[in-house]
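Colleague: Have a look at this one.
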Amino acid sequence: MEVIVAKSAGFCFGVKRAVDSLEKLVETKTDQKIYTYGPIIHNESVIQHFESRGVTVLHSKEELLEIQDGIVVIRSHGVGKEIYELLNYRGIEYCDMTCPFVRKIHDLVAEYERKGCYILIAGDKNHPEVQGILGWCSPDNSQTFQTASEFEKLGIEKDRSTVLVAQTTFNHNKFKNLVEIINKKGYDINVLDTICNATEVRQSEAIQLSKDVDAMLVIGSKNSSNTQKLFEISRVGCPCTYLVQTSTDLDGSIFKGIKSVGITAGASTPKKIIEEVQTNVRNRKF
Ligand code: F3S
């Protein structure tokens, strides 16, 4: 059986940077308590690895308010302005691992808001990255949406100067379609395509690969938004697409009559897990 692994599968630059920095902190700051504000990435095995080395995950602003010292790591998703203010006010040391591409969106929305623009974000309002972006705009001057019908319901005035940014992991084609629809309706919207290139490359590769194979495996956590998106787009090209978290999720029956398998993985999937799945599939006897 032929097994093809997408070149772009796994950690993106921003996630690798955050995970490597946390690893380094754990090794060097042995005398200090280390916290992450939210799980460092959406991957259970990575979170457990760090927990076993004494890292504590803070799940809310309230939990952040309870700590007295230590170092807080801000993950690649970034956070709103208020969290920095809180950390600075309380004199708590922090290590900012916000991905530079996410940081750029924070700067853009803050800058355009200062210029008097209304801010629109194409993305999932419950996702930590979008929550962080919203944290750089006034609540009464910003809204999120994911579909054309959701956009309609926002009630944006056509002549209001508005800027549109996207969650870095937003589906590229979906964003292009949304922009086309919005433009046709005559809104005064300045579109800033802030979708991360890593996401685009990974998604395009998954689309292509899924068309070339009999079965497709997408490796990643069920709660990782970019993994879910990879799963959705791969399923279009290859109906036999399966989402697995580790090699233990592999069900042998899915390989019956299959001659080729494509493998891709979300941005929070460690290389080790991709290799384990790949080896597991290659070692199967059919
Ligand atoms: Fe950054 Fe792009 Fe990854 S925004 S966290 S490099 S998906």
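Every residue gets a Cβ built from N, Cα and C, even glycine.
The annotation [4Fe-4S] cluster binding site is assigned in TrEMBL to Cys12, Cys99, Cys196. For His42, His77, His127, Ser224, Ser225, Asn226, Ser268, the entry in TrEMBL reads isopentenyl diphosphate binding site. Taken from TrEMBL, the feature (2E)-4-hydroxy-3-methylbut-2-enyl diphosphate binding site covers His42, His77, His127, Thr168, Ser224, Ser225, Asn226, Ser268. According to TrEMBL, the dimethylallyl diphosphate binding site annotation covers His42, His77, His127, Ser224, Ser225, Asn226, Ser268. Marked as active site, proton donor by TrEMBL: Glu129.
Each of the listed features needs to be described in terms of its position in the shown structure.
Modeller: The DSSP secondary structure for Cys196 ([4Fe-4S] cluster binding site) is coil. Every protein chain considered, the tally of other Cβ atoms within 10 Å of the Cβ of Cys196 ([4Fe-4S] cluster binding site) stands at 24.
Annotation note: Ser225 (isopentenyl diphosphate binding site) sits in a helical segment as assigned by DSSP.
With a cut-off of 8 Å between CB atoms and residues at least 6 apart in sequence, the same chain places Gly220, Ser221, Asn223, Ser224, Ser225, Thr227, Gly266, Ser268 near His42 (isopentenyl diphosphate binding site), listed in sequence order.
Of all Cβ atoms in the shown protein chains, 22 besides its own fall within 10 Å of the Cβ of Ser224 (isopentenyl diphosphate binding site).
Under a cutoff of 8 A between CB atoms, and with a sequence separation of 6+ in the same chain, the neighbours of Glu129 (active site, proton donor) are His77, Gly78, Val102, Gly123, Gln167, Thr168, Thr169. Look at Glu129 (active site, proton donor): DSSP puts it in a helix.
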Colleague: Can you give me the same-chain residues 6 or more apart in sequence from Asn226 (isopentenyl diphosphate binding site) with a CB-CB distance under 8 Å?
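Modeller: In sequence order, Thr169, Thr199, Arg202, Gly220, Gly266, Ala267, Ser268 meet the Cβ cut-off.
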Colleague: Do you know which of the recorded positions Cys99, Glu129, Cys196 end up with C-beta under 6 Å from ligand 1?
Modeller: Cys99, Cys196
Colleague: When you measure from the Cβ of Thr168 ((2E)-4-hydroxy-3-methylbut-2-enyl diphosphate binding site), how many other Cβ atoms are you left with inside 10 Å?
Modeller: 28
Colleague: Would you mind listing, in sequence order, the residues at least six apart from His127 (isopentenyl diphosphate binding site) in the same chain with a Cβ closer than 8 Å to its Cβ?
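Modeller: Correct list: His77, Gln167, Ser225.
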Colleague: Same-chain residues six or more away whose CB lies under 8 A from the CB of Cys99 ([4Fe-4S] cluster binding site)?
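Modeller: Residues satisfying the criterion: Phe13, Gly14, Val15, Arg17, Ala18, Ser76, His77, Gly78, Thr168, Cys196.
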Colleague: What are the sequence-distant neighbours of Cys12 ([4Fe-4S] cluster binding site), meaning same chain, six or more residues apart, C-beta distance under 8 angstroms?
Modeller: Cys196, Ala198, Thr199, Arg202, Ala267
